[in-house]
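S.K.: Here it is: the structure, laid out below.
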Number of protein chains: 2
Amino acid sequence: MTTQAQPPSETVLALAAWQLPDNDYRPADYMLKETLLSLGNGYLGTRGSFEEGAPAGVPHCEGTYLNGVYSSEPIVYGESAYAFAKHNHKMLQVANGKVLCVSVDQQSVNIGGALSHQRQLDMQSGVLHRNWIWQSQSGKQLQLQSRRFISQQRPQLLVIELTLTALNFSGPVTLSSALDAAYAGYHKADDPRVGVMSIADSLSLRQQALLPQGGQMLHQAKGSDSWVVACWQDQLPAATPSLPPAITADNYLQQEYQLHLEQGKPLSVHKLVVYQHAAAGADTAQLCQQAQQTLQDAATAGFNTLLTEQQQWWQQFWQGADLEIAGDLALQQGIRFNLFSLAQSAGRNGQSNIAAKGLTGPGYDGHYFWDTEVYVIPVMSLLQPGLARQLLAHRYSQLPAARARARQMSHQRGALYPWRTIGGEECSAYFPAGTAQYHINAAIAYAIRSYYLASGDRDFMASMGMEMLVETSRLWLELGFFNPRAGGRFEIHQVTGPDEYTAIVNNNYYTNAMVKLQLSFCCELLTAEPTWANRLGVSSEELAKWQQAASQMYLPYDSELQIHAQDDSFLQKQRWDFANTPAEKYPLLLHFHPLVIYRHQVLKQADTVLANVLLDDQISPAQKARDLAYYEPLTTHDSSLSACIHSIAFAETGDITRAQHFFGDSARMDLDNHHGNTEVGVHIACMAGSWLSLVQGFAGVRVRADGLYLAPKLPPQLGQLRFHLQYQQRLLRITVTATEARCELLRGEPLTLYLHGKPVTLTTGAHL
Amino acid sequence: MTTQAQPPSETVLALAAWQLPDNDYRPADYMLKETLLSLGNGYLGTRGSFEEGAPAGVPHCEGTYLNGVYSSEPIVYGESAYAFAKHNHKMLQVANGKVLCVSVDQQSVNIGGALSHQRQLDMQSGVLHRNWIWQSQSGKQLQLQSRRFISQQRPQLLVIELTLTALNFSGPVTLSSALDAAYAGYHKADDPRVGVMSIADSLSLRQQALLPQGGQMLHQAKGSDSWVVACWQDQLPAATPSLPPAITADNYLQQEYQLHLEQGKPLSVHKLVVYQHAAAGADTAQLCQQAQQTLQDAATAGFNTLLTEQQQWWQQFWQGADLEIAGDLALQQGIRFNLFSLAQSAGRNGQSNIAAKGLTGPGYDGHYFWDTEVYVIPVMSLLQPGLARQLLAHRYSQLPAARARARQMSHQRGALYPWRTIGGEECSAYFPAGTAQYHINAAIAYAIRSYYLASGDRDFMASMGMEMLVETSRLWLELGFFNPRAGGRFEIHQVTGPDEYTAIVNNNYYTNAMVKLQLSFCCELLTAEPTWANRLGVSSEELAKWQQAASQMYLPYDSELQIHAQDDSFLQKQRWDFANTPAEKYPLLLHFHPLVIYRHQVLKQADTVLANVLLDDQISPAQKARDLAYYEPLTTHDSSLSACIHSIAFAETGDITRAQHFFGDSARMDLDNHHGNTEVGVHIACMAGSWLSLVQGFAGVRVRADGLYLAPKLPPQLGQLRFHLQYQQRLLRITVTATEARCELLRGEPLTLYLHGKPVTLTTGAHL
């Protein structure tokens, strides 16, 4: 349904190839920019709020988050039932260490008195710059320049530099630096996609103390009992007098300093903030000591060293990951922002994953969904394989919880991963669009397959991947059955597929097809590696059962329409009345009861179409085209996961114009706030998906068991596309134009790949 | 699935034809007996608790309730969605006025010191008797006899007589009489069928005062803001000294009296308690005055007059409603208790209905379900047609709320009644087994049809019935559609039928069949009475559409099995593994996630079988037998609404042995606590259903458009069955034995009925 009117969004940040320039302050955009100017390093994330806090009365959403750390609270049901999810996890919101407030002659320096104001997030170095001039009521002009970054090399560290220049006076100014764990969270009423993130709801203060030019707080996360320490240190010119602490309340520590400015002479102060957590039961003295040591190390290194480290990390990242689009600055900025956000949000420590909104906001409570496996890991496998492995390692660490969940759901064997979680237990409070999405298991298997095909990492398979594959495969045989009433075909009932506008159906094509793919892959590996089968207790009978299930898997098909049926009943339903659905009734989920939506042929997002994209060459292009032609007009794309997949699907089936349209939707979904909710966080899956649109869609890159395939079909609007791939210990750079494709092997052993089906061998230095 | 082991329940009350004798006190049974010895009059109900309160440490559930009055609170969802039910109503639990405590020499007289203890609920007069002897530590013996009833003639009145006899001493005893609105409610963890009923949660105290030998409290119900006044007066022998009030706390008023007993000389005191409510915004002074007047009138009438009124009311009730079973005292007691409970619980004022557990406990929060329409009204239509009309009038009063609900559910026209409610708004917090049960609309239509066929009440149809029929019919055309992919047959999608172990399906046979019945009935009436159609704005086009929907209604049928399919997908599912489901895993809903249950062919209760019973002669006996043979083995009967219907179904299809088995299950379901949860209230629908088992099942009574049909097939165990029927202004008495049927016209015009299909004419005095 490409005709659906999206309210046109203004571009709130200016265009630039490597920057996000924020050239004007508008209260209505403050919260959106908090998201867009977020900083993170996969562990620690903080939103792009002003150092002095949000202007009075302006909607805002202060937030600093730790990935993989969470509070937990009981889920309340009006009417509960057996094995309903018991607790909701929330990504831990921690103390705000960004606070730096200046006052002149007792007047607070804030946006109200600004003569000019610019910010700029530099994606090449991961630094947020701010530069503004403020004027007092008596005419004193003060220039404030700040640089803020979250260290990529030191996971716990936030760094801020503030430079003050008195433009037309000399004299004292007061600086106050604070650590604030008392700030309120944000809640947007009546939108189930947005969680409440009130810091007081999630943290219990255990200790706090002011230290010389800084302070420290120790909290415990409610429900999970994890410990979190936050501490900071201000670095000021020697002999800056500290004023007595003005305010020291519970959850609020502040240091005040008297600075003397000489007209025209810049004065810089630095603030270093460290956040560190430990599991329940940890030695808190040790935890605090570690944090203090980290803080001390950073202080000793000093701002310039820290900044250099930062620049180096990002330089290295972009060397292996950059994607250049010639001829369209907006798309270029969009795709870089998307890659930048993925790098900032993905957990790197094997104890965390990537939340649906990364570390950029409270949306979806910071939960991990299948977004990771179907959208992010296939990208990371080709850009940052080490990081992809860490994301999968995190899922592996939660395999025991998935086994326990399978038992709760009355499955005797196997593992069932939760639809949404942080700590490993199912957190979905609405099971028809939660627990019923059993396809999360197939998504994890798909990600393992994607990573393995791209990396060839047998060590990972032996130590983690195979066990996850086997345990999730076992679950399918528990869930599905060989239906005697249908010739013994393998059927899977009462599940919800990716399209959440259809729930609890029999034989969802996507699910069945993905399970078939999973079981086939699993059987191939185990047949080739009997030692893995032995170690994991897979008998030949079990293996045979999986092979049988894969080969007899029922993939619903309507012979009259010659299309795959989304499920057993979908095609029998009434079609949604799009003609009489005004634009303001989208997204449908906010304007119609689920039963109304479920009753109709209407899709939130790609389902059959997604399966066909993921199944690659197992489905013929003609079949893909028929399925697409039927389902796309029924799709609202109310989910941000939809446009990118449709872009690939149209590219695969030769409709480059529509592929380009959908790519445009996804490439700048957050920068242009297409879904109107970026203020609570970016759309991580869509960001990854936009890279897939370019690389899988337009460049036709496919990673198959027998090698790497490339079949570019560039839209004429895109002059040239250049991107990097890591493939089986090699680094490739690929340049595509409307007429030619050029592959360079930048690092690694010679490689044979397939360009438009023909084998081509690359050796280092020898460019195709 | 008749083989399912029900844990054998002991009979907690002794057998008797007209009484419920309670001959021994056992702490474990206290709460169950509170339910069984409940008293009520359709407006006011109170549980059979001891006057002095429950013994310490014994599980109990004090409760006094007002029907149709409720508190309301927001429903909390872990994850909400558009048009989810917003508030939960709770049947209002009001102050306990039963409190009468005696002490001798500062020793509390309670069950701990009882030498003997009997109670007996007399169903012929609606009076609960208690008679016990207590001995003090020093050997003083006191006999306590009480009679308690809720007046059938004065809806607001509870009456208690307490007679004290000092058996071996003379001297003072202290009596304290209280009104207690501070008592705790009851909550059984982890059972979604049981609500929490804490009086403090639902009532805000606005005024309270002690009055001479009594007192008064004024409360406001939370959420609904209804006003409730409770006041009482003690009647004591002249010159009994009142002691100063010992305790007067918020929500607790107490009067103490010093009584002087002479050995062997009984002394009686009477306590009158009045409860009365008014809507939010009412004049509370006037409300209190009315209650005081009601109290004064009762006091003036005196205990004996009140008792006589009570006896007369019940005498009259039984004259028109009694059912005699010769040869089985247990069944006789069971069926009388069921009729007695129906009469006590059904609202009579047109502003209330009959809750799933009547006025006997907190189960299901006192909500009204379809139980009323499919189970109770068909019985009441033949026993107490005036009362049936009042129940329907109550639904009519909530038609505006049902219209509003239809709009919330995106239906442009028509009315959608809530699955569960008290005040008219949808209170179901789990929509797959709540709002999705659209068949509530068809149930209301079925009840209107049942009442109209039994009573011939055209005035009701003109003023209320037809409008409800039309508005609920309109909804079906909004919900269903003529499916172009299936030859234009009328289909209804994404609904849940009566079997709650299967949810959100397409073309539930029960729903479709009942809608067909409704639309046909509605069209017949409107065709015969064009003025009704005109008044209600039913155009000829609309009428034609309904006729078309009825005639093209899709009733799923499996030609291979030659049975009706419960829905489009049911027969494709895997059968439940009954063999490996131990007895302690029932009811399934408490031991399996809904998805596990939904995935299998397993029924909670009659669904297809229920439709066939309600459709009467529209389905052939052979078809009914095949459907029954397929579905019954898949049915757990976890719902108390199932056994009675299966009894009728087996009787209809000639299996009298199994019919008798299921009847036995339902006739004494509460007296024998078959479902193990009668402690939170009786099972009203089952009670009505047990009468249907006898009258529809064994006596073969059917009320059809063309008259009254009778076709008895008595099980040999039942020597004789005699029952009453009110049919179109007549009172009939019907006596059935294994070999003959005898019909007597006790009142009314001559009548032709059909006995085993043959017309027979009855005139007064002329018995067939």
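Glycine is no exception: its Cβ is also placed from the backbone N, Cα and C atoms.
Computed from a predicted structure; not experimentally measured.
For B:Glu500, the entry in TrEMBL reads active site, proton donor. Sequence annotations record features per position, and here TrEMBL assigns substrate binding site to B:Trp370, B:Asp371, B:Lys604, B:Gln605. Look at TrEMBL and you will find B:24-275 tagged as domain 'Glycoside hydrolase family 65 N-terminal'. Taken from TrEMBL, the feature domain 'Glycoside hydrolase family 65 central catalytic' covers B:336-691. Summarising the annotation, TrEMBL assigns domain 'Glycoside hydrolase family 65 C-terminal' to B:702-762.
Set these features in their place in the structure for me.
M.R.: Taking the Cβ of B:Glu500 (active site, proton donor) as reference, residues of its chain lying under 8 Å away and at least six apart in sequence are, in sequence order, B:Ala433, B:Leu589, B:Lys604, B:Gln605, B:Ser639.
Counting every protein chain shown, the Cβ of B:Gln605 (substrate binding site) has 22 other Cβ atoms within 10 Å.
For the domain 'Glycoside hydrolase family 65 central catalytic' (B:336-691), the mean pLDDT of the prediction comes to 97.
In terms of DSSP helix, strand and coil, the domain 'Glycoside hydrolase family 65 C-terminal' (B:702-762) has 0 helix, 40 strand, 21 coil.
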S.K.: Can you name every residue in this chain, apart from B:Trp370, B:Asp371, B:Lys604, B:Gln605, with its Cβ inside 8 Å of the center of the Cβ atoms of the recorded substrate site?
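M.R.: For the substrate site, the extra neighbours are B:Phe369, B:Val374, B:Pro498, B:Glu500, B:Ser639, B:Leu641, B:Ser642, B:Ala685.
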S.K.: Just name the winner among B:Trp370, B:Asp371 (the binding-site residues) by count of other CB atoms within 10 A of its CB.
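M.R.: Of the binding-site residues B:Trp370, B:Asp371, the highest Cβ count within 10 Å belongs to B:Asp371.
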S.K.: Mind giving me a neighbour count for B:Lys604 (substrate binding site)? Other Cβ atoms within 10 Å of its Cβ, every protein chain shown.
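M.R.: Neighbour count, Cβ to Cβ under the 10 Å cut-off: 22.
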S.K.: Please find, for B:Trp370, B:Asp371, B:Lys604, B:Gln605 as listed binding substrate, the greatest distance between any two Cα atoms, in Å.
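M.R.: That value is 16 Å for the farthest Cα pair.
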S.K.: What kind of secondary structure is B:Asp371 (substrate binding site) part of, going by DSSP in three states?
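M.R.: DSSP call for B:Asp371 (substrate binding site): helix.
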S.K.: State the three-class DSSP label for B:Glu500 (active site, proton donor), counting H, G and I as helix, E and B as strand, and everything else as coil.
M.R.: coil
